[in-house]
Amino acid sequence: MLSQVTENPCFGGWPSPARARFLRVFLEIQKPRLCKVIRVLAFAYPYTWDSLPIFYRLFLFPGESAQNEATSYHQKHMIMTLLASFLYSAHLPERLAPGRFDYIGHSHQLFHVCVILATHMQMEAILLDKTLRKEWLLATSKPFSFSHIAGAILLCIIFSLSNIIYFSAALYRIPKPELHKKET
């Protein structure tokens, strides 16, 4: 009876040939270092891409942006984001006191708190920038047309649907486990 339960897919067990083929699908089991690099890039790339205008403003033109009141919000945003990434990657509270931060206060929760605070500070900085530089923005930028807005919406829909289709199709490529034949 125990072998029927452990070999039954409903209880998490599969016959060994099917289990071996199924585990080949998971790249993390085969190449854990590559998966860690991909995971880090998944967070670092969007952060860098979203922060390029802030880096440009804070580091390339410090004299011009120092007069702006939004600079302190941008700096706080960067500090909170770096703190979030440090806490998440170092697993700091759990390492200092194992077992004490299992439910409340572990690094993943602190990561989310810091990222939410950083997003709030970023939104405050954007709103402050927009109000302080409203005349300059209206004078230098051209207004959006319907084709620009429709094109952006269409691109977002195309990218989202292609992402959904790609990963949904990957679910159907997983090999089905072979049912264990009973020996009589």
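Using the three backbone atoms N, Cα and C, a Cβ is placed for every residue, glycine included.
Look at TrEMBL and you will find HIS108, HIS112 tagged as Zn(2+) binding site.
Tertiary neighbourhood of the transmembrane segment (148-172): none, as no same-chain residue meets a CB-CB distance under 8 Å with a gap of 6+ residues from either end. What TrEMBL lists as transmembrane segment is 148-172.
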Cβ neighbours of HIS108 (Zn(2+) binding site) where a neighbour is any other Cβ within 10 Å:
12
